[in-house]
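Per Swiss-Prot, the feature domain 'Helicase ATP-binding' maps to 32-418. Look at Swiss-Prot and you will find GLY45, ALA46, THR47, GLY48, THR49, GLY50, LYS51, THR52 tagged as ATP binding site, backed by sequence analysis. Summarising the annotation, Swiss-Prot assigns motif 'Beta-hairpin' to 98-121. Sequence annotations record features per position, and here Swiss-Prot assigns domain 'Helicase C-terminal' to 436-631 based on sequence analysis. Per Swiss-Prot, domain 'UVR' is recorded for 656-691.
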Amino acid sequence: MAIERITDNKFELVSKYEPAGDQGEAIAELVDNIENGEKAQILRGATGTGKTYTMSQVIARTGKPTLVMAHNKTLAGQLYSEFKEFFPNNAVEYFVSYYDYYQPEAYVPSSDTYIEKDSSVNDEIDKLRHSATSSLLERNDVIVVASVSCIYGLGSPKEYQDSVVSLRPGQEISRDQLLNDLVGIQFERNDIDFQRGCFRVRGDVVEVFPASRDEHAFRVEFFGDEIDRIREIEVLTGQVLGEVDHLAIFPATHFMTNDDRMEESIAKIEAELEEQLKVFRSEGKLLEAQRLEQRTNYDIEMLREMGYCNGVENYSRHMDGREEGEPPYTLLDFFPDDFMIMIDESHMTMGQVKGMYNGDRARKEMLCNYGFRLPSALDNRPLKREEFESHVHQIVYVSATPGDYEMEQTDTIVEQIIRPTGLLDPVVEVRPMMGQIDDLVGEIHKRAEKNERVFVTTLTKKMSEDLTAYFKEMGIKVKYMHSDIKTLERTEIIRDLRLGVFDVLVGINLLREGIDVPEVSLVAILDADKEGFLRNERGLIQTIGRAARNSEGHVILYSDMAKALDENDPVDKEILDSGYYTEYEGQKYKITRSMKHAMDETARRREIQMAYNEEHGITPQTIKKEIRDLIAITKKTDSGEIEEVDASAMTKKERKALVKKLEKEMQQAASALDFEGAAQLRDMVLELRAMD
């Protein structure tokens with residue numbers, strides 16, 4: 001039975017802050033553009049200007065159901081927590097991949113190795129995914145924070161909605177009919193272990209535990225063949241929390257199909273199987289034909305008997321009634337037509353949207369070619385970028401450095417440059433590569449005397465290692481962060497840098513999440529003139545931004561200045577006319593286009609910020625950020641003090657006990673919706689296990 005979506009709920013933004021700096025102008029401009037029907041626009045906001053708050057204000061003022069996309073689970077978790085705080089009275093949902101571990105099905109012909117799909121599902125995230133889809137079908141005041149997994153196939157929203165079991169007191173329905181209906185939407189009867197997606201029966205009472213809940217269930221009490229009343233109960237204690245007038249029970253799986261559609265689907269699968277077997281046999285591929293026939297017939301038998309089989313998603317084209325090549329249903333299809341999309345860190349996220357389809361296609365083609373899957377499995381896939389675009393009603397790309405794709409989509413750019421703290425973008429200067437290390441040593445000593453920290457970025461692992469060794473010889477307290485360092489160690493390194501255990505951090509990519517240190521007053525970029533990843537315009541602006549959280553922020557770009565430009569030389573004259581040069585000690589030197597654009601953009605922002613501060617009498621203050629002991633494994637002593645534990649010095653038994661304790665904390669963090677904390681605890685557990 002279909003349910004009607006409530007359409008008159010309003011977003012209610014709860015915040016102790018009012019828009020500050022240029023947030024008010026940015027909010028007004030974004031809202032005006034949306035109300036005037038602008039399809040796409042960019043919010044180009046400098047680091048630390050409060051873009052999430054601006055996004056929240058826009059959602060509240062436009063009142064549209066909104067999908068907020070991020071490029072990884074960590075960032076999505078941070079955004080989800082922030083939006084939950086801003087909108088405590090609305091439906092803020094979280095939709096990311098529910099796999100803690102995922103090994104996709106694959107075949108490697110060179111070694112004749114078939115790798116079966118293997119995965120472990122995070123029950124908490126599965127609950128949140130169900131909560132997201134049910135909220136979208138029940139109400140209009142919904143914000144879903146999602147990773148790129150929202151463009152993967154999810155099952156038909158119409159089938160999902162049509163399968164909802166709707167119950168009201170006084171409704172005529174027999175108890176046995178309700179039990180049949182619940183089994184039909186993939187609920188399991190379990191009178192002993194009562195958990196999500198289950199129901200239990202006690203005489204004339206049926207208790208149902210929805211897939212979107214984790215603590216509360218519903219008790220349906222019958223009088224004959226009529227529902228007497230429906231109560232909400234606490235699962236653990238059985239305590240009655242109140243009576244409800246209407247209960248909508250959504251399916252326990254997103255992949256729903258009715259009996260008639262199932263028979264049609266099986267007929268189509270059998271027809272496709274026959275067709276493909278003919279192809280294989282005509283090509284002399286008898287092994288592939290035998291393999292495909294055996295595997296597919298087993299799946300068909302399971303579908304007939306159970307309505308489900310392992311890898312059922314590979315038959316989703318037939319189940320959904322789609323034509324070959326048609327895009328799958330995704331989370332985007334659960335939204336109403338006039339919804340809004342906001343893409344956070346769009347320069348990263350849109351690249352992922354583009355890349356998902358190709359990687360998936362290559363793996364599946366191998367499975368189809370060797371008889372592990374029917375060709376229709378190719379239609380169980382993520383959306384192509386152009387298919388994603390076809391779902392867009394109105395979209396806001398949010399980034400400090402929008403990508404080429406976003407810039408091609410729209411000319412409407414809304415800027416947010418002023419930080420509420422008054423902090424300015426750092427001063428950027430170019431210095432010669434010749435003698436750069438000795439020059440840098442002098443700068444490091446100046447910062448160390450003022451108890452400030454330094455980031456140094458290099459191009460290669462070897463250079464980082466050599467530089468770190470040299471700095472150590474010079475008596476500088478330094479550490480090197482490379483890609484092999486695990487999450488646990490990485491966060492410990494950042495904490496030690498902030499505490500002053502060492503003064504300089506050397507690395508190649510210092511743009512990862514969590515590398516956010518207000519104590520850093522100098523960022524030195526070596527080989528800044530070597531174009532490429534992290535030395536292009538966006539990479540340079542993002543790296544320069546690492547010094548924007550300190551009032552003394554300063555950035556030095558070291559570049560090749562072996563030869564000064566001569567305006568009498570035709571080639572040099574061309575460079576001078578193009579503007580791609582810098583002045584140093586009275587001479588002009590060539591710099592890259594990326595360096596020039598990054599420096600000009602930083603200088604432009606700094607000028608606007610300084611003018612604003614002067615007009616409003618604001619003095620920039622370095623951000624005061626608490627140094628949390630996020631990663632160091634700790635335990636409370638009897639006196640209540642926290643004592644650090646050196647895991648490497650523990651016995652195997654002690655480590656086992658610690659793993660147990662951390663797993664418990666991880667579950668608690670996940671239940672409290674602190675997904676970033678839970679992820680860090682998970683990484684600790686994995687690393688502790690690796691020690692044994």
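From the backbone N, Cα and C atoms, a Cβ is placed for every residue, glycine too.
Distribution of Swiss-Prot features across the structure.
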| residue | record | Cβ neighbours (10 Å) |
| --- | --- | --- |
| GLY45 | ATP binding site | 24 |
| ALA46 | ATP binding site | 25 |
| THR47 | ATP binding site | 18 |
| GLY48 | ATP binding site | 18 |
| THR49 | ATP binding site | 27 |
| GLY50 | ATP binding site | 21 |
| LYS51 | ATP binding site | 22 |
| THR52 | ATP binding site | 18 |
Mean of the pLDDT scores, which run from 0 to 100, over the domain 'UVR' (656-691): 79
THR49 (ATP binding site) - helix vs strand vs coil (DSSP): coil
Remaining residues near the recorded ATP site, that is with C-beta within 8 Å of the centroid of the site residues GLY45, ALA46, THR47, GLY48, THR49, GLY50, LYS51, THR52: THR54, ALA400, GLN416, ARG419
